[in-house]
Amino acid sequence: MRLLAVVVLALLAVSQAEEGARLLASKSLLNRYAVEGRDLTLQYNIYNVGSSAALDVELSDDSFPPEDFGIVSGMLNVKWDRIAPASNVSHTVVLRPLKAGYFNFTSATITYLAQEDGPVVIGSTSAPGQGGILAQREFDRRFSPHFLDWAAFGVMTLPSIGIPLLLWYSSKRKYDTPKPKKN
């Protein structure tokens, strides 16, 4: 009898815990390289895996100080009235890094109501972690096509190829006299 009561209480607790909204949130950088002065794209994905709609959902990311990053498009603080169960929402922000160096990309905060008259639930997104922001000059040095460098290389190799070619050609012209034709 006690075992039956414990099982019923456990099932009741599990069913109560599964009611309401549950949000899973991720934050990801879409750029392969973060470069000073170039656009850096962030994407926030929020999934409602709960059984009811999440209400008054607010995403807030305070990890990008205005002295280090400029906002090109989008907002770092966003609010949705509701996110339906078994659905997702994506939000994209484009930033422009103003300084080069290492930066810790921390998680954003998400707050919502799991049920209409329930308490406010506070959560965090995933954190991309520490990443390097390359200086524009360093990025160009590593990844530009280097046309000027290749042109300079070609000009510098011309004497080592051209002088032996000219010597051979003058020698060939001197010693290869055409045979006179007999009439």
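Glycine is no exception: its Cβ is also placed from the backbone N, Cα and C atoms.
DSSP assigns ASN88 (N-linked glycosylation site) to a strand in the three-state reduction. Within the same chain, the residues at least 6 positions away from ASN88 (N-linked glycosylation site) whose Cβ sits under 8 Å from its Cβ are ASN45, ILE46, TYR47, ASN48, listed in sequence order. According to Swiss-Prot, the N-linked glycosylation site annotation covers ASN88 (among others), on the basis of experimental evidence.
Positions annotated as N-linked glycosylation site by Swiss-Prot, on the basis of sequence analysis: ASN104 (among others). For ASN104 (N-linked glycosylation site), the same-chain residues 6+ apart in sequence whose C-beta sits under 8 angstroms from its C-beta are SER63, GLY129, GLN130.
As annotated by Swiss-Prot, signal peptide applies to 1-17.
What Swiss-Prot lists as topological domain 'Lumenal' is 18-146. Broken down by DSSP into helix, strand and coil, the topological domain 'Lumenal' (18-146) contains 9 helix, 69 strand, 51 coil.
According to Swiss-Prot, the feature topological domain 'Cytoplasmic' maps to 168-183. For the topological domain 'Cytoplasmic' (168-183), DSSP puts the residue distribution at 8 helix, 0 strand, 8 coil.
Annotated transmembrane segment per Swiss-Prot: 147-167, in sequence order, evidence recorded as sequence analysis.
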